[in-house]
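Copied over from TrEMBL:
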- 1-39: region 'Disordered' (REGION)
- 1-26: compositional bias 'Polar residues' (COMPBIAS)
- 56-79: transmembrane segment (TRANSMEM)
- 112-132: transmembrane segment (TRANSMEM)
- 153-172: transmembrane segment (TRANSMEM)
- 184-205: transmembrane segment (TRANSMEM)
- 265-284: transmembrane segment (TRANSMEM)
- 305-326: transmembrane segment (TRANSMEM)
- 338-357: transmembrane segment (TRANSMEM)
- 421-450: transmembrane segment (TRANSMEM)
Amino acid sequence: MATRVSTTTQSDGLRQRAVNGNSNGIANKIVAPTDEGKKSDQRLDQHVEYEFGGPWGVVAIMTGFPILMYYLWICLVFYDGHLVFPKSTDDIGPFLTRMWEHVSVDASPNLYAWKVYTGLIVYQLFLAWIVPGFMQEGLPVPSLGYKTLMYKCNAVGCIYITWITAAVLHYTGIFRLTEIIDNFGHLMTVAMIYGFGVSFGMYFLSIATGNQIRMSGNFIYDVFMGACLNPRLGPIDLKMWLEVRIPWVIVFFMAISGACKQYELYGYVTPNMAFMCLATWLYLNACGKGEECIPQTWDMFHEKWGFLVIFWNFAGVPFSYIYSVVYMASHDPSKYRFSTTTYVALYATLLTSYYIWDTAMSQKSRFKMQTQGIFTYRKTFPQLPGGTVENPRYIQTAHGNRLLVDGWWRYSRKPNYVADWIMSLTWGLCIGAATPIPYFYSVFFIVVLIHRCGRDFERCALKYGKDWDRYCEIVKYKFIPYVY
């Protein structure tokens with residue numbers, strides 16, 4: 001199953017797509033923005049207003065989140081998962097001193113952590129460069145004159161090679177996987193340094209090379225939001241590379257490290273830890289096997305590469321989403337042991353949510369590829385039933401784009417968000433009420449999703465006008481069908 005259209009590759013590596021041809025039964029013409037749509041895109045491709053509270057808001061985020069990450073880690077590891085506070089006003093100074101001692105001693109950016117984290121980055125860049133991959137054409141980019149970029153999708157092969165490499169290193173004793181969880185604090189600090197360093201470095205590089213876009217004129221805000229849209233290193237799209245190859249690889253191996261730690265301590269792996277191994281594998285594998293869908297997402301198509309994306313992928317995701325693993329690796333299993341019925345319910349919830357999330361994401365991305373005439377069915381594992389909507393129903397907009405109102409997307413405007421959030425909740429539920437800290441992921445995530453929905457819906461209203469009103473009449477619910 002494939003729909004391809006003719007394109008012309010130009011000397012700058014961009015591709016100019018023809019707009020005639022067949023679109024897999026969706027229509028007999030490849031969609032392209034109308035003159036009205038181009039005017040709308042031009043308005044949206046400019047800095048109009050500050051987000052995230054403006055310059056002061058982003059300064060608070062850039063300083064507050066690293067502090068919060070240290071604080072939650074300290075509470076989890078050194079205070080039995082309890083949230084600790086100064087006992088009195090007189091204790092504020094000693095309290096801050098105790099916190100700093102934990103950071104300076106147990107989270108110092110030591111040479112070992114630098115070697116491990118830098119080694120991962122270099123190895124993932126090396127694999128992304130040399131491993132053969134499927135070439136996927138992206139969506140037409142307004143700032144590039146509606147030309148398209150090609151994306152080398154080889155994550156699935158790189159991930160399997162990484163798994164094999166890690167297994168060999170572990171069993172030969174060269175690098176024991178338990179060392180990852182044992183050096184959590186040190187690695188987290190190095191990840192933060194990379195997050196800040198790359199964010200500021202890319203800002204200055206973008207300005208120096210003239211690749212900035214949608215700038216506000218405020219230095220710190222533009223560092224936070226990013227200056228460049230499509231940073232590349234040879235055949236590697238750095239934004240897509242960082243979205244998959246670093247955060248979710250670390251998240252998965254953190255879970256595996258926790259499982260190895262349990263096995264060394266107790267001679268077995270608990271169902272709770274096995275749950276996290278499965279959950280993180282599902283997410284990482286989904287990013288790899290469906291990598292060709294990523295260029296169709298808003299993150300790739302519109303979001304710039306700044307601190308907001310860079311820091312969170314280098315440090316935020318891998319070191320704040322898996323607190324349940326950190327807790328289980330350092331606490332007796334009796335503190336989070338469940339009944340068989342509870343385990344069945346937990347695993348069933350994860351797998352059901354994953355199925356909806358996977359197929360919803362696939363349906364939307366493949367619909368976009370179908371309408372552009374660039375869809376090719378990949379047989380990566382696992383391809384779930386329902387991942388492609390045949391002859392889908394849609395709304396043709398005056399902009400030129402089409403809005404999907406079929407599959408999961410006929411029930412909710414963000415079915416993927418709902419399923420994704422439920423999965424995040426299970427990552428905390430797997431340790432029950434032993435500590436509230438692993439629930440940070442789901443609490444933080446729901447705030448992010450609500451904010452993103454607000455941004456998305458506002459932009460869609462500006463972009464599509466009355467057609468968006470018509471879409472909202474058909475797809476009434478924002479998140480949960482028949483509820484909200």
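Placed from the backbone N, Cα and C atoms, the Cβ positions cover glycine too.
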The recorded stretch from 112-132, 153-172, 184-205, 421-450 sharing the largest number of CB pairs under 8 A with the transmembrane segment (56-79) is 184-205
If you count CB pairs under 8 A between the transmembrane segment (184-205) and each of 112-132, 265-284, 305-326, 338-357, 421-450, the winner is 305-326
| task | For the transmembrane segment (338-357) and the transmembrane segment (305-326), check the count of CB pairs under 8 Å (sequence separation 6 or more) and say whether it reaches 3 or more. | result | no
Exercise. Honestly, do the transmembrane segment (265-284) and the transmembrane segment (112-132) touch, with at least three Cβ pairs under 8 Å and pairs 6 or more apart in sequence?
Worked result: no
